[in-house]
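*Asks:* Here's the feature list from TrEMBL:
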- A:Ala55, A:Gly56, A:Ala57, A:Gly58, A:Ser59, A:Gly60, A:Lys61, A:Thr62: ATP binding site (BINDING)
- A:19-30: compositional bias 'Basic and acidic residues' (COMPBIAS)
- A:725-740: compositional bias 'Gly residues' (COMPBIAS)
- A:34-331: domain 'UvrD-like helicase ATP-binding' (DOMAIN)
- A:332-629: domain 'UvrD-like helicase C-terminal' (DOMAIN)
- A:1-30: region 'Disordered' (REGION)
- A:711-744: region 'Disordered' (REGION)
Amino acid sequence: MSTLFDLPHGGSSWPQESSEPRAGREHDPDQLLADLNPQQREAVVHGGSPLLVVAGAGSGKTKVLTHRIAYLLAARGAHPGEIMAITFTNKAAVEMKERVTDLVGPRARSMWVSTFHSMCVRVLRREAETVRELLAGTSSDPRLNSNFSIYDADDAKRMVTLVARDLELDSKRYPVRTLAAEVSNLKNELLTPADAAERAGNDLERKVADVYASYQRRLADSNALDFDDLIMRTVQLLRAYPEVAEHYRRRFRHVMVDEYQDTNHAQYALVRELVGTRDSGGVEPAELCVVGDADQSIYAFRGATIRNIEEFERDYPQARTILLEQNYRSTQTILSAANAVIRGNTGRRDKRLWSEAGEGEPVVGYVADNEHDEAAFVAGEIDRLVDDGEATFNDIAVFYRTNNQSRVFEEVFIRRGLPYRVIGGVRFYERREVRDVLAYLRVLDNPEDTVNLRRILNVPKRGIGDRAQAVVSVYAEQERISFAAALRRAAGEGLPGLNTRAQRAISGFVALLDELREAVAQSDVADVIETLLERTGYRGELEASDDPQDAGRVENLTELITVAREFSEMRAPSEETSAGESEDVDAAVLPDGSLSAFLERVSLVADADSLPDSEEGMITLMTLHTAKGLEFPVVFSTGWEDGVFPHMRALGEPAELAEERRLAYVGITRARRRLYLSRALMRSAWGQPMTNPASRFLGEVPEDLLRWRRSEAERSAPQVRSSGSRGGGGFDRGSGGAGNGRSSAQSFKDSVAIKLAVGDRVNHDKYGLGTVLTTEGEGARATATIDFGASGTVRLMLIGSVPLTKL
DNA sequence: GACATCGATGTTTTT
DNA sequence: CATCGATGTC
């Protein structure tokens, strides 16, 4: 848990004990190249033009990156301060910094090794004055200053909710989720609200443009930037102010980007701006080196564009491309399976992983009757492997497509006494109580933060309800002042339409905030949290509650305090933060140990990094997505069924299907020695049992690499009968009694199935025209998943009463 | 303004 | 099945 704060503070200070360079290594380029294969060596040595390293899974890309940095210093006369390396996760940044430090020693300290987002925050805080100027042209009355808040996805969504409500958008037609996602997409494409309005071609797009404009204005009023803004604003800044861009270009002569396949358009543009071009005047372009693997791009749904890596040579005409195909992780059997699956994607740069590790064991396949059987098989196999001394619990990971699939495994593992931990799911910083407390802290730190102010306004309950909030909000809008300002006025002289009861409550709240701000001024973060938990009655409420969950909430808050305490204590030994730099871009903008610094850390780091560093003796359970970048000697990849993996939503969409296939590739290539692929014939989804066909990806694994421990043919007599168990045959029972049975209102006579096949065109009274994507079940239990285009994709029961006609 | 109940709705998620 | 949001009632 506390790994959280073992991160480089602000990025520039990174001492650390064990980081002495291994004798002489950093001065000897030959030594540096000695343990690299020819392609790796080429990538390390290459200079003079942009470089793309296509690094297959397990091909040693971090090694290439770190050695390249060391080589730049040792052989090419680069100064450490000239180096910038950008990653996506803090974990990757920390690891890189550590490994570079191992190679070159404390000199690594003056390099910028950080995530896209922290890098941008650093630039934006430093250039806040200029950013405000930039914003002045676009939004009304921007109040952005260098202490801006960072809004994460949840904050952003809340802000969109407020905006949508103001614009009186029908939340059915324009779900917040969609609006927020669309706004995010626009930002990733570097489109301004004006651009969005201009190109809006339909109703939704017009509404999105409205929301976007209003949203940006409110963010500025709240002195806040969201995650997407961090990138977009930095790009806009560098483009609008050439002298600022040039400043950074002079400083950073070597730019390296990890996981380049995951960059979105804005990040792509950012890299371009940082590097510069021949005609961007003043400075020669910096040397760019990007590393990635298009086959491992699994975040398109978040805006990543595989195009960036595919078109690198076009974007940078002189570019050199080097393929790393030798894999140091897996057996050849595993790699062959991975190669075979990924080959199903068209239009890719062919790449064949190979290994010197030998054939190894065949991939084991298993067809389970249902998800419980699947879990039992996995558990039994783990037992056996551990008993035989083939593996320890630590060596083993279980992957699944969606988080809800973890439950069965947990149940079985608990029953069998197998130690495990689940990665992902609801994260620490997403828990309600943690976010509530952070909301208080953020408001204390940035009084204009509307979203967080409104979040805590009535938490715990203090009699400031929707009604009062609406009054304040409307007033703020009318007077063109911030919500916070309106609230202060309400506390003082009251507001028209506000009853005295509410007014008193608001006064009390504002006074409470003032009191807490006192605490901020004189104590450290942990104490502030203690104080606020007491003074707001938040802790009291939890302790008094008889909801068993609330005990856990109290624990989480204690944990948060611990985290805060560690933060204040490690207050980085900030002695020489890059001495001697004349223009000190390394200077920390936020005071060490301050509340602001704490909040920034918490926003940018979240807890993604509590990963493997093996809590000893535990089986690891996680989704395929979180598995990326990791490796395990033994991997169980489960749920290989069409509709589960590939996910139902991807079935109709070739691009999404391709992404699912990459996910399969990622999953397979995590395994070092042993790989298990399993599926279940029957799996209950949302209470209803579903039979799923084998994943199409499973068929793509060559039979000669697979050994079926249990195949479909072998399984005990196929029981197609409508199993007497609960849920099954629910329709036959009609509406008998159990009023909570879903659609139990359907009476028996209606249960005449409509026959549909994949690809059929249909018309639905509510959703309109659609295309059948998949069908499941038979007779009265038949369902179909239908794509209704703009109305969405819906799964329907094919019973007589659905207002559906086949065309 | 606070609470209860009903029903619609369900991926993945580095920051 | 579980959670969340939108309703309706005291």
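Quick reminder: no glycine exception, Cβ is built from N, Cα and C everywhere.
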*Asks:* Does A:Lys61 (ATP binding site) have same-chain partners at least 6 apart in sequence with Cβ under 8 Å from its own Cβ, and which are they?
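*Replies:* Spatial neighbours, sequence-distant, of A:Lys61 (ATP binding site): A:Val53, A:Ala55, A:Asp258, A:Val291, A:Asp293, A:Leu324.
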*Asks:* Within the same chain, and leaving aside A:Ala55, A:Gly56, A:Ala57, A:Gly58, A:Ser59, A:Gly60, A:Lys61, A:Thr62, name every residue whose CB is within 8 angstroms of the centroid of the CB atoms belonging to the recorded ATP site, in sequence order.
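*Replies:* Filtered neighbour residues, in order: A:Val64, A:Asp293, A:Leu324, A:Asn327, A:Tyr328.
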*Asks:* Mean pLDDT over the domain 'UvrD-like helicase ATP-binding' (A:34-331): what is the value?
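*Replies:* Across the residues of the domain 'UvrD-like helicase ATP-binding' (A:34-331) the model's pLDDT averages 93 on the 0 to 100 scale.
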*Asks:* What is the number of other Cβ atoms found within 10 Å of the Cβ of A:Thr62 (ATP binding site)?
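*Replies:* Result for A:Thr62 (ATP binding site): 17 other Cβ atoms within 10 Å.
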